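In what follows, a structure is listed as structure tokens, so that the remarks can point back to it.
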Ligand SMILES: Cc1cc2nc3c(=O)[nH]c(=O)nc-3n(C[C@H](O)[C@H](O)[C@H](O)COP(=O)(O)OP(=O)(O)OC[C@H]3O[C@@H](n4cnc5c(N)ncnc54)[C@H](O)[C@@H]3O)c2cc1C
């Protein structure tokens, strides 16, 4: 029997489970569908990484994937995990720590870390049991040998899974599946990587910091993180900021950190961090971090010469955050599973799709 009410509920769950892709900010359902589509080219574009191909070939996993407590953690089924703690970490954010039974962790390739299922950057889908909807979240420090994962999770006023996760307490169960590759890091490919994030969009970059940047302070690639939050209190919690700040101070040639806030309203943050700059991440901020001569680029713009001078090194920009921020920095995601052309600030500066990746 399929009562109208049941049908409606089914349609609702179906609709709400469609967006299994990114959402770092508020938006419409249309935007959610758009973001869903972005995941597929990402998988294809980066070489059909194992986790993502499972995701690709089992698009209905949130509803059809079984929950198995005897098989290793995998993208093709849900694994039960237990909440260790769930602590407030900002006005709308929590640090959620969960543990999966260590014997359910897939074996790691110790000889070639980049071949491991846990090679950065990866995420897991967490299922909201009440409405059978899943969303991806990024373990900040990957998974340790005990099976622990730590997430920084934002709740949106009408967001489903974020609110549900905020209500969880220590000892409660969660189901998750993964790892799913968000974007595969490749050692030695770039001279300079500039990560631009807004809000919880910092989570994939923090995982890259934890797994790659902080582990090889002498490697040749230089990283810069430009991060923005609306107010100082909304900047990432000390668990994230303290380590970034300390490492940047000790390894200025390897890693630079610049913070931005829309305004200084509200309480001061408790983390140790560089004083945030008030304003948006814009062309001036990016030119400055590239070491471009600001007077020359300003004159070029004044005289309508579009392309800024290009640094003579291999640069990659990674952009992750709310849609309006991604749009302003790098142009919107495209239709039909594409990254879309590079527009926004980076497009105006002449950077191309070989140099820009929107996560
Ligand atoms: C690879 C990846 C990793 C991620 N990692 C993290 C992470 O570590 N931490 C994190 O916090 N997030 C992360 N995200 C984002 C996360 O997956 C979710 O998208 C986010 O938590 C919102 O999901 P939700 O179910 O709470 O909200 P949703 O229900 O999807 O709603 C999100 C927003 O849309 C609005 N909305 C909902 N329905 C409508 C509607 N009908 N009309 C208009 N607006 C509507 C809501 O008010 C809310 O503001 C990641 C995303 C990706 C793709």
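Glycine residues also receive a Cβ, built from the backbone N, Cα and C atoms like all the rest.
All annotation found in TrEMBL is predicted automatically rather than curated by experts.
Listed in TrEMBL for this protein:
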- 39-58: transmembrane segment (TRANSMEM)
- 76-186: domain 'FAD-binding FR-type' (DOMAIN)
- 135, 136, 137, 154, 161, 203: FAD binding site (BINDING)
Among 135, 136, 137, 154, 161, 203, the record's FAD-binding residues, the widest C-alpha separation in angstrom comes to 17
Select one residue from 135, 154: among these binding-site residues, choose the one with the most other Cβ atoms within 10 Å of its Cβ. 135
Those binding-site residues listed as 136, 137, 161, 203, and which of them has the most Cβ atoms within 10 Å of its own Cβ: 203
Within the domain 'FAD-binding FR-type' (76-186), count helix residues (DSSP H, G, I), strand residues (E, B) and coil residues, in that order. 13 helix, 49 strand, 49 coil
